[in-house]
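Here's the structure we're looking at; comments come further down.
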Amino acid sequence: MASQKRISKELADCSASPPAGMSITLASDSDVHKWHITLDGPVGSAYAGGRFGLIVSLPTDYPFKPPVVTFATRIYHPNVTNDATGAICLGLLKPEQWKPSTRVQSVLEAVRALLVEPNPDDPLESRIADEYRANRAEFNRNARAYVNKYATGPVTFSSAAAAGSAAGSGSGSGDATGGKAQGS
Amino acid sequence: MPPPNTPGEGVPAAGSSPPESTEQYQVQVEAGQEQEDGRSRVAPPAAASPIPSIPPTPAASPPQAELPPRVSPPPTPELQFASITTSLESTSPPRPSLSTDQSTRPNRPLFYDHQALEYEGPYDETLQCPICRTPFYLPLTTRTCGHTFCAGCLRRALELRPVCPIDRQPIDKDHDIYQTRVINDQLDRLRVKCPNKGCDHVCTRDRLPAHYSRQCPFSMVPCPDRECSHRIIRMNADPDKACLHRETSCQYCSATVMIADLDSHYDNHCAGHTTKCTQCDSVVVRHRMEGHIAAECPETEVHCRWHPYGCNVFGRRATMQGHQRAGCVYEAIAKLTQARLDDRAVIDELKGRVSTLSSRLNQQEQELRGRSRPSMGHSTGVPVSDFDVHTSTRAASMPYNSAAWGSAEDYMLAQFERIETNAENLRKMVLEINGHHNLRQLNDTMRLDGLISELQSKIGVLGMHTTWLMNVQRQSRGQQRAGGVAGGPPAPEMSTGNSGNAGARMSTEGERLPYMGIPPRRHSNERGEGRGENPPRL
């Protein structure tokens, strides 16, 4: 009850003035706990021109527990698992760092900031982090390739579809090791 | 989001006697306060004095006066601590609950979800809890960093991690939290809507508990039947009526339903609860059929709306609407009749006014005749009519000329105006005279005032003289006596003194002490200068 009240309030705020480059919808009208966000790749970053789907799941005891934010669209990023789960490593969202006073809006802005400036010191994909540190041009090229491959069409939010498309077209990547998602 | 007042929320534990809801609420509120008090009590002495967090609910007579009042035993300190811990561990935070005492009071009190309250008008965002994003309920402030949260929100956050939910400063839930009264007062002034569905009452937040628990007709209250453990909307809780929680069988389906729930059963759940109207083909809730036929059904035959005015058209409601829309002839008649009635009312009012005016006119004519009769001697004799009277009597001062005055009424009006102006002049004169009178009175009074003050000062001087003379006499006597005994000098304290407040001391001190204003002159007197022998001049 309490969480619903706060969530619907935040949803109203976010819909009224969404963060830059984002649009927010509900996964289903009856459930305010699952948000679908379309995020335009920040201009000036390697992800410019891409459209990424983000899924925000708010737990029932939100705001006491952090929301879970995942990428529905695959992305080449040191802090996002390079598989269909799309888990994000964001300090703000870690249970021991989460503060009940943090709002979804600031979480979304943090995610966007993460695209502008990846954080290779706390990576989920250490290979990409190393590449980001050592060979920025190569990283940018790879990121752009992922954007062209996955993040150009209309955004789909169903993770199953994303997984299917990943298996069908992007099988060459061969890095879909889901176990890494919890590594960080 | 379920409505805050679903029966499920108010359903008590089974097998309990129904206590009074009001008492229950207060008990529960007190429990909340004690809990806060207990919290403050364990705080270090630097803490502000514990403040009850919930505004005192005004004492009002319980709604069910025939029930004996329940007296709640004051909780012991151990019990308070128990309540603190239990409520800190409870998962439904905003409800202060005295869980240890639940066995004796199984009925849940009238509670609403504070975070679901709707506020009327905007409120200051600083009054918003950063956790639940609603205006604070039982606000608590952290001592270490000064952040404020609802008691329940903070409690839950601290359960997870004992740090401030904003800046992660460590917080001891027993020592580092206190209340701020000013925030409470501000919150109390916010206007909220009653959370009950159907009730549109709006009041300040501190009055809502009273409204909700005592007045709101949509609140769930215990059934007036003391044997019954159910709750019922207050509106339907009539002590004279039998308990509505008996089960009865639905008259349409085979289900057994509580009498209190019959209406909602008919509307929503009754098997085959809808039926086709016998006249039109629309599907109607069976229970609402009568109302449908009386007001809605397009097939029911009805009279024209203007039937009372003579329209005899009679037919289906649908055609009747068409008939009326096309313009029933009798509508015009109805409107005319209405207009005539309105006019009649105006006419009646005017008639009344005319009659009062004419009676006043008569009265004035009588007066005039009475006044003019003495000077009527020279006229030709008994006047034929009032009109003649005027002709003859007013001739001397203001000749009445039927040619000059259009009619007798005009003449009367002119006279009347003249009298009125005279009266106005007289009033002015009276005012003027009054003013003169006042002025003169004022002048006289001022003169008298001067005289009186002069006299007062003279009396004062006379008093001084008397004192002076008495002193002189006393001294001379003393000198004589001293001369007779030792021949010593006069009393030394006479030589000091000031010359101020001459007349003030003469009543009491002046007789006991030597007169302070005199000594310099007495010295000069001793030196033999003649001027000092005279009393002070006026």
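Keep in mind that glycine also has a Cβ here, set from the backbone N, Cα and C atoms.
The compositional bias 'Polar residues' annotation in TrEMBL covers B:18-27 (among others).
Per TrEMBL, the feature compositional bias 'Pro residues' maps to B:52-61.
If you look up TrEMBL, you'll see B:82-106 (among others) marked as compositional bias 'Polar residues'.
Summarising the annotation, TrEMBL assigns compositional bias 'Basic and acidic residues' to B:523-538.
In this model, the domain 'RING-type' (B:129-168) carries an average pLDDT of 87. What TrEMBL records for B:129-168 is domain 'RING-type'.
Assigned with DSSP, the residues of the domain 'TRAF-type' (B:192-232) fall into helix, strand and coil as follows: 11 helix, 10 strand, 20 coil. Annotated domain 'TRAF-type' per TrEMBL: B:192-232 (among others), in sequence order.
Helix, strand and coil counts from DSSP across the domain 'TRAF-type' (B:264-311) read 20 helix, 9 strand, 19 coil. If you look up TrEMBL, you'll see B:264-311 (among others) marked as domain 'TRAF-type'.
The zinc finger annotation in TrEMBL covers B:192-232 (among others).
According to TrEMBL, the feature zinc finger maps to B:264-311 (among others).
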DSSP residue counts for the domain 'RING-type' (B:129-168), split into helix, strand and coil: 10 helix, 9 strand, 21 coil
